[in-house]
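A.B. asks: What follows is a structure written as structure tokens; I'll ask about it next.
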Amino acid sequence: MFENFSPSTMLAIKKYAYWLWLLLALSMPFNYWMAQDSAHPAFWAFSLVIAVFGIGPLLDMLFGRDPANPDEETQTPQLLGQGYYVLLTLATVPVLIGTLVWAAGVFVAFQEWGWLGRLGWILSMGTVMGAVGIVVAHELIHKDSALEQAAGGILLAAVCYAGFKVEHVRGHHVHVSTPEDASSARFGQSVYQFLPHAYKYNFLNAWRLEAVRLRKKGLPVFGWQNELIWWYLLSLALLVGFGWAFGWLGMVFFLGQAFVAVTLLEIINYVEHYGLHRRKGEDGRYERTNHTHSWNSNFVFTNLVLFHLQRHSDHHAFAKRPYQVLRHYDDSPQMPSGYAGMVVLALIPPLWRAVMDPKVRAYYAGEEFQLTAEQSERPAAS
């Protein structure tokens, strides 16, 4: 539908369509409202998850792809100079935190949907915090301003994953698409093999990287300058606050949505780099990261909801490049669907491998000898 639109037209559409993230946040009160008079209230607790992963891929197919890039000489400088795009990301913080607190109250008070409905409510809130909260946090922690860094930290603290703020920038972006990166899935590895190591290593590696930073400055590792301590204390304060306000069920809700959000993040990590690798030179060093080391997806609907996260190839080639000016490359490896569809595909390993393994082999024609799961030797989590 959008393939033949000019870059100028697409930029005009996207400027306001980035507000589509509000659909996810506002779906929570809408679904609660629908559940109150429903004979099947538990359905409405799950309905956001059904919409995201069931209807989302269909909307991607309906609206098609967006291959348009801004003109580097004229449009990109204009886009970079507009504070509107920064305010758009910052606006997610009060909306998401407010929704999270409100949803905890509903989780405790609305007993009509029982434990099944409560499970659906946790999955729905976790999907919102993963698909919007962590995605926006990812954008913000790459920025230099203290305000954006703090906003990103708050969103990550709300899902108990402050380590991402450190490990993603100083670990993942350094070692992406190599065996040294726990967030880069190896060829032949299922998402269920990938997740346990990603949880453990990324948490521990964040502390290791922060310790390295502090030691280089001659500072104590467990001093007040360790930002992970402060962010995890904020997560603890939020947990205690939810317990004080809503009781033990409030704490269950807070931890449950955090686990769902983090799991969604790591599944997306799996999708973004599956089977791709940076070639190692004779000197033992890996080639420089470029736009061929991440899977790209130009399906316009999910790209708008996710702030262009699916133009991941350009993001890894130019990590500081803001979302509104990320570019499409024809020679980047291309996903057959947007992230919503790819997450569903990843959860069914035989189907995932049937779709994705031929794409990886075709992309690395002549280098198939490197595409072995045995290559995925993982670093010790020290």
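Each residue's number is its place along the chain shown, starting with 1.
Glycine residues also receive a Cβ, built from the backbone N, Cα and C atoms like all the rest.
Sharing the features that Swiss-Prot gives for it:
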TRANSMEM  10-30  transmembrane segment
TRANSMEM  43-63  transmembrane segment
TRANSMEM  90-110  transmembrane segment
TRANSMEM  121-141  transmembrane segment
BINDING   HIS138, HIS142, HIS168, HIS172  Fe cation 1 binding site
TRANSMEM  146-166  transmembrane segment
BINDING   HIS173, HIS312, HIS315, HIS316  Fe cation 2 binding site
TRANSMEM  236-256  transmembrane segment
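How about a rundown of where these features are and what they're close to?
C.D. replies: With a threshold of 8 Å between CB atoms, the same-chain residues lying at least 6 positions outside the transmembrane segment (10-30) that come near it are 2, 47-48, 51-52, 66, 68, 70, 75, 79, 84-85, 88, 92, 95-96, 99, 102-103, 124-125, 127-128, 131-132, 136, 301, 304-305, 307, 324.
For the transmembrane segment (43-63), same-chain residues at least 6 beyond its ends with a Cβ under 8 Å from one of its own Cβ atoms are 1-2, 24, 27-28, 31-32, 34-35, 113, 116-121, 123-124, 127-128, 131, 299-302, 337-338, 340-341, 343-344.
Here the transmembrane segment (90-110) has Cβ contacts under 8 Å with residues 21-22, 25, 28-29, 32, 35-36, 41, 117-118, 121-122, 125, 128-129, 132-133, 136, 140, 147-148, 151, 154-155, 158, 242, 245-247, 249-250, 253-254, 257 of the same chain, all six or more residues outside its ends.
Long-range Cβ contacts of the transmembrane segment (121-141) within its own chain (Cβ-Cβ under 8 Å, at least 6 residues beyond either end) map to 21, 24-25, 27-28, 31, 45-49, 52, 89-90, 92-93, 96, 99-100, 103, 106-107, 113, 148-149, 151-153, 155-156, 158-159, 161, 164-165, 168-169, 253, 256-265, 305-307, 309, 322-323.
The DSSP secondary structure for HIS142 (Fe cation 1 binding site) is coil.
HIS173 (Fe cation 2 binding site): 16 other CB atoms within 10 A of its CB, across all protein chains. In the three-state DSSP assignment, the secondary structure recorded for HIS173 (Fe cation 2 binding site) is helix.
Non-local neighbours of the transmembrane segment (236-256) in the same chain are 100-101, 103-105, 107-108, 118, 121-122, 125-126, 157-158, 160; each lies 6+ residues outside the stretch with a CB under 8 Å from one of its CB atoms.
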A.B. asks: Taking the Cβ of HIS142 (Fe cation 1 binding site) as the reference point, list residues of the same chain whose Cβ is under 8 angstroms away and which are at least six residues distant in sequence.
C.D. replies: VAL169, ALA319, LYS320
A.B. asks: Taking the Cα atoms as reference points, how far is HIS316 (Fe cation 2 binding site) from HIS138 (Fe cation 1 binding site) in Å?
C.D. replies: 12
A.B. asks: List the same-chain residues at least 6 positions away in sequence whose Cβ sits under 8 Å from the Cβ of HIS138 (Fe cation 1 binding site), in sequence order, or say none.
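C.D. replies: HIS138 (Fe cation 1 binding site) has long-range Cβ partners GLY152, PHE164, HIS168, LEU309.
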A.B. asks: Under a three-state reduction of DSSP output, how is HIS168 (Fe cation 1 binding site) classified: helix, strand, or coil?
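C.D. replies: For HIS168 (Fe cation 1 binding site) - judged by DSSP and reduced to three states - the answer is helix.
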A.B. asks: Can you tell me the CA-to-CA distance separating HIS172 (Fe cation 1 binding site) and HIS312 (Fe cation 2 binding site), as a whole number of Å?
C.D. replies: 13
A.B. asks: Identify, in sequence order, the residues in the chain of HIS315 (Fe cation 2 binding site) that are 6 or more apart from it along the sequence and have a CB within less than 8 Å of its CB; answer 'none' if there are none.
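C.D. replies: Looking at Cβ-Cβ distances below 8 Å from HIS315 (Fe cation 2 binding site), excluding near sequence neighbours, one finds SER294, LEU309, ARG321, LEU326.
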